[in-house]
Amino acid sequence: MELITNNHVQFSRLRRLRSKKKVRVLFQETEIKLSDLILPIFVEEDLNHMAPISTMPGIFRIPEKLLSYEIEKYVKSGICSIIVFGISHHLDNEGSNTWNSNSIISRALRICKNVAPEIVLISDMCFCAYTTHGHCGVLDKKNVNNDQTILNLERQAIILASSGADFLAPSASMDGQVQAIRFALDRSGFYETGIISYSTKFKSALYGPFREATYSNLTENRSTYQINPMNRREAIRESLIDVEEGADALIVKPASNFLDIIRDIRERVYLPLIGYQVSGEYSMIKFASKAGAIEEKKIIRESLGSIKRAGADAIITYFALEVAKNSLL
Ligand SMILES: [Zn+2]
């Protein structure tokens with residue numbers, strides 16, 4: 001059959017690159033490694049058993065006394081990095097428990113460091129799981145006070161660094177927070193403690209299950225300090241500002257609905273870039289799979305692949321342990 005065009009330019013036969021498995025593997029453009037994945041964990045004080053989170057099937061709040069066992073399990077599975085969230089039972093208007101060296105987050109970090117000194121230990125730093133109102137800082141009438149919250153972030157940073165965190169991940173979305181934390185760490189001699197900033201954090205509807213996980217008391221919203229999901233230029237500016245302020249790596253959160261933003265930032269900065277596949281992204285996949293609508297193992301790989309393909313170097317994902325245990329990559 002003659003398929004040559006009139007001017008003798010043959011059309012491209014891309015199927016040559018898909019002809020058999022070894023050819024497809026040879027030319028695969030994006031790879032996901034287990035070492036690219038960062039596992040988020042919730043550690044709750046005064047808890048006696050692994051507490052399931054109903055909106056996040058397969059994810060648990062971990063009691064402090066079982067944390068060592070869990071960490072050993074992660075290391076054996078091949079997990080390289082974790083990000084720790086503390087769930088405190090000591091709440092107040094400011095979240096002052098976060099700058100107490102005996103708070104749940106500090107104790108959890110010390111346990112992690114002791115059990116697995118080689119693991120990359122990242123501490124989330126915020127106040128929303130430690131305040132009675134659920135906001136990410138000091139509430140001043142109805143507004144979160146940016147500069148007062150930054151002073152508290154500086155205090156928190158010193159405590160978390162001294163508890164063994166390799167990296168601090170400020171998620172409070174206060175203007176100027178990265179620079180303030182960097183100065184505070186340096187003033188106290190924590191030159192080696194890095195900052196992985198949630199530099200572009202949207203006010204997304206995908207955080208619902210996380211709020212169940214952390215017993216969030218938030219009744220209003222965070223639209224005065226998180227980014228409007230409709231804004232692209234503002235989202236890029238937020239990350240560029242954090243580069244200037246001294247961040248060591250950046251996070252775009254959430255990931256799946258904002259792959260264009262990951263690409264935009266990738267093209268503009270040379271820092272490591274992380275996509276956070278958040279609780280709602282996890283839960284949508286879990287519940288759709290349970291309903292038989294999609295094939296879970298394949299969609300996990302595809303969703304992680306899309307975040308890397310967009311330009312992320314690493315991914316914070318609740319699927320990390322499942323991927324490790326079942327060799328899903
Ligand atoms: Zn927060």
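Cβ coordinates come from backbone N, Cα and C, glycine included.
All annotation found in TrEMBL is predicted automatically rather than curated by experts.
Feature annotation from TrEMBL assigns Zn(2+) binding site to C126, C128, C136. Cβ neighbours of C136 (Zn(2+) binding site) (same chain, under 8 Å, six or more residues apart in sequence): C126, F127, C128, V144, T149, S171, A172, S173, M174, R222, Y225.
According to TrEMBL, the feature active site, schiff-base intermediate with substrate maps to K201 (among others). The Cβ of K201 (active site, schiff-base intermediate with substrate) lies under 8 Å from the Cβ of S171, S173, Q226, I227, E238, I251, K253, each on the same chain and at least six residues away in sequence.
R211 (5-aminolevulinate 1 binding site) falls within a helix when secondary structure is assigned with DSSP. Using a 10 Å Cβ-Cβ cutoff, R211 (5-aminolevulinate 1 binding site) registers 17 neighbours. What TrEMBL lists as 5-aminolevulinate 1 binding site is R211, R222.
Among the features that TrEMBL reports, Mg(2+) binding site is placed at E238.
Under the three-state DSSP scheme, K253 (active site, schiff-base intermediate with substrate) falls in the strand class. Around the Cβ of K253 (active site, schiff-base intermediate with substrate), the number of neighbouring Cβ atoms within 10 Å comes to 24. Taken from TrEMBL, the feature active site, schiff-base intermediate with substrate applies to K253 (among others).
Annotation for Y318 (5-aminolevulinate 2 binding site): spatial neighbours L39, P40, M56, G58, I59, Q277, S279, Y282, criterion Cβ-Cβ under 8 Å with sequence separation of six or more. In the three-state DSSP reading, Y318 (5-aminolevulinate 2 binding site) counts as coil. If you look up TrEMBL, you'll see S279, Y318 marked as 5-aminolevulinate 2 binding site.
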Item to check | binding-site residues compared (C126, C128) - the one with the fewest other Cβ atoms within 10 Å | outcome: C128
Next on the checklist: Out of C128, E238, Y318, which binding-site residues have CB atoms lying under 6 Å from ligand 1?
Outcome noted: C128
Item to check | Listed in sequence order, residues not in C126, C128, C136 with Cβ within 8 Å of the centre of the Zn(2+) site Cβ atoms | outcome: G95, F127, A129, Y130, T131, H135, G137, S171, A172
Item to check | Packing count at S279 (5-aminolevulinate 2 binding site) (other Cβ atoms within 10 Å of its Cβ) | outcome: 24
Next on the checklist: I'd like to know which of these binding-site residues, R222, E238, is least surrounded, judged by other CB atoms within 10 A.
Outcome noted: R222
